[in-house]
């Protein structure tokens, strides 16, 4: 169905599961140079090390937090009002925007005055903004003029993850604090493939990366609710979660719920890919309640306006859709301007043809009119709209391969070169750009994608869907793609678009969203570790220490999904007493490798020898015992 008939604005409620704090976690904030720069983090409490393992303190660990106010018990959440306008003062004080009387798009006006929509409409009292005549309000424009915005300072604090605070608490944790700090901050050298990864992120570094075009800050002036974040290969690898209704499934309430669920588990951005009848209203509810950037594919809604007939699309309809969505607050648009008429014949010999919805829409339009795409021909006009609201481009890969068979072919790379050319056009207008990538690519062919993207697109951030490394696993494509995502993230991709188990099969539900998010958080973190991102190993080291010390609850809570970890453990060892046991059900009490290792260490300490000598001594003792018992391999019992 197109909209849930039970959804009424007056009775809309937040998903209770999305607002509960994660186990042993609390929301903490770091304040910047001004009191309204308050950067949120999640702090995970840890138990002390048991006395038999040394009895030391384990300070709380800070992790990146995308959940916004939802997991803060001090926050009052009412999705009917939306989130606080965190950035309003920052936008207003720049003095380069004007408040409009109301929506200026034809469609926006039509929806606002339709009485049939009153019961489901979000009651936004705030009119939209637009750049003043002749002004440019993009973060890139400010960056290129040497301005460090509050958004940039916010991001610098956020990316550093309070590492200095953690170091100080480790050092102050006890007499061996310095030793503990050195141990827990240890990290293997990475291979960054040319990425520049400073030991600490400064606001000036953020400004430089945005000015250069190597990073983007998706932050529409009409989405003041967002907590600023950055996408770029010299920063933490980010992930995107796709949500959205269709003509046959889901409604407004479900999509808002999916959004809050996605950000709870780590979605850095969310794309609303709704294709049903109430796209406009669904998007408004999502944006007003989202602390993360929201992306869309405007051609989907434009197609709905012509009853799904691609050949009837016009520039005027598309332009009105861009303005409509920009005034709602969409932070980035996927626009398939690289699907050009000359490239379409290149897909003729493909196994799976054109699999991108946006790409196929534009290919059909080009063939129906035998004309160049209006997205390509009107690209500079699109840039004028983007810079009036600070909407970032996500230049779509409409010719991405839909199977390993089609990977790295002529059509894919012809489009990539065009996206590089369009990037230069957008940058001329100081419009922020990231480039979308494949798709389905076998592992040995992934690196070429990254290398060519850096070459053709002048290091603009790469944003990839996977890629899926094999085509044989419907129902498990979060895994087939997670493999490729980890690799391409290591090579330099800045943001990974998640794939859920339902990929190619159906619309994902809440469980699928979580499965996709966790899979891609693993891929992104693995990429950060492989690149050698400063501090990336801290959480791994803390969890490994907890595991060796049999601090079961800390193991669960330091992980990406505490609920599932605890559930799996409790299936066989459910009692509270088992949370302090020195074994799990995998090996049992007598064969736990970590317990055996600890026994060796205890023996070494008692004998006053090294662990190596203790092992050798133990082997000699067993050899003597073997000979005394007759040197028989087997004994009858």
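Positions of Cβ are set from backbone N, Cα and C atoms, glycine also.
According to Swiss-Prot, the protein has these features:
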type	residues	note
BINDING	242, 271, 300, 336, 356, 357, 358, 397, 398, 399, 400, 436, 463	substrate binding site
BINDING	440, 504	Zn(2+) binding site
BINDING	584, 587, 592	[4Fe-4S] cluster binding site
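Between the CA atoms of residue 300 (substrate binding site) and residue 504 (Zn(2+) binding site) there is a gap of 18 Å, rounded to the nearest whole number. Note: the CA-CA distance between residue 398 (substrate binding site) and residue 504 (Zn(2+) binding site) rounds to 17 Å. The candidate set comprises the binding-site residues 358, 398. Of these, 398 has the most other Cβ atoms within 10 Å. In terms of Cα spacing, the binding-site residues 242, 356, 358, 400, 463 that come within 10 Å of residue 440 (Zn(2+) binding site) are 400. Mapped onto three states, the DSSP output places residue 400 (substrate binding site) in coil. In this structure, 504 is the one among the binding-site residues 400, 440, 504 with the smallest number of other Cβ atoms inside 10 Å of its Cβ. Cβ neighbours of residue 356 (substrate binding site) (same chain, under 8 Å, six or more residues apart in sequence): 336, 396, 397, 398, 399, 400. Considering only the residues assigned to substrate binding, 242, 271, 300, 336, 356, 357, 358, 397, 398, 399, 400, 436, 463, the longest pairwise Cα distance works out to 20 Å.
Most buried of the binding-site residues 300, 463, judged by other Cβ atoms within 10 Å, is 463. The Cβ of residue 242 (substrate binding site) lies under 8 Å from the Cβ of 270, 271, 273, 497, 498, 508, each of these being in the same chain and 6 or more residues away along the sequence. In this structure the alpha carbons, written CA, of residue 358 (substrate binding site) and residue 504 (Zn(2+) binding site) are 16 Å apart.
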